[in-house]
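Quick look at what Swiss-Prot annotates:
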type	residues	note
DOMAIN	2-99	domain 'FAD-binding FR-type'
BINDING	Gly111, Gly112, Thr113, Gly114, Phe115	pyridine binding site
Amino acid sequence: MTTLSCKVTSVEAITDTVYRVRLLPDSPFLFRAGQYLMVVMDERDKRPFSMASTPSEKEFIELHIGASELNLYAMAVMDRILDQKVINIDIPHGKAWFRKSSANPLLLIAGGTGFSYTRSILLTALEEQPKRHISMYWGGRESQHLYDLAELRLLTERYPNLKVIPVVEQSDNGWCGRTGTVLKAVLEDFGSLANYDIYIAGRFEMAKIARERFCSERDASADSMYGDAFEFI
């Protein structure tokens, strides 16, 4: 692990609770797509955030931070970012990184800002294996929480092997996509997941249910399912 000092180069409020933050580390850095960093608050307090940027983007690190009065843990990090414009990070962490040696079709599943984890893997896969079949499911409470959906739709125009399925729990009048939970959508769309590499990010309970149901009902292999949650559940 390496500790780096990072200058905060930009902060964008992309929804009422999600911030896109770009960091400029003071030294070269290495990580694998799907890994995360720790923001060092003090010697005993380090807080994890997935990197939304890719390993090939050497000039910056991008984070998507969901922070609000209901999430004071992340809000304290945002307060420091906004106040000090400099943070220390510990990098890299996590074992749920993208397995590039596999040729299996990819299933990427994200809930909320778990998208940052799948974004890094998605962009890396398209860059290094541009013909690999990829299905990307992104779930949010409302359509506004699928904040980078326009970027994903542009990617589907460039890569016919990429399928993006957005899912919202509460649809509004202008919503034309799927409604419900992201796991329900996956189960409806796949009769078998036997040969898929599955990467999942979101609430721990979602990851737990996904592993149980995908393995028991859709023949998925637990050894081919990746997510930081699986280190803890």
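Glycine residues also receive a Cβ, built from the backbone N, Cα and C atoms like all the rest.
According to DSSP, Gly111 (pyridine binding site) sits within a strand segment. Of the listed binding-site residues, namely Gly111, Gly112, Gly114, the sparsest CB environment within 10 A is found at Gly112. In sequence order, His64, Gly66, Ala110, Ser116, Tyr117, Trp138, Gly139, Gly140, Ala201, Gly202 are the residues of the same chain, not among Gly111, Gly112, Thr113, Gly114, Phe115, whose CB sits within 8 A of the CB centroid for the pyridine site. As a summary of secondary structure, the domain 'FAD-binding FR-type' (2-99) carries 13 helix, 50 strand, 35 coil according to DSSP.
Around the Cβ of Phe115 (pyridine binding site), 29 further Cβ atoms fall within 10 Å across all displayed protein chains. Counting only same-chain residues six or more apart in sequence, the Cβ atoms lying under 8 angstroms from the Cβ of Thr113 (pyridine binding site) belong to Val18, His64, Ile65, Gly66.
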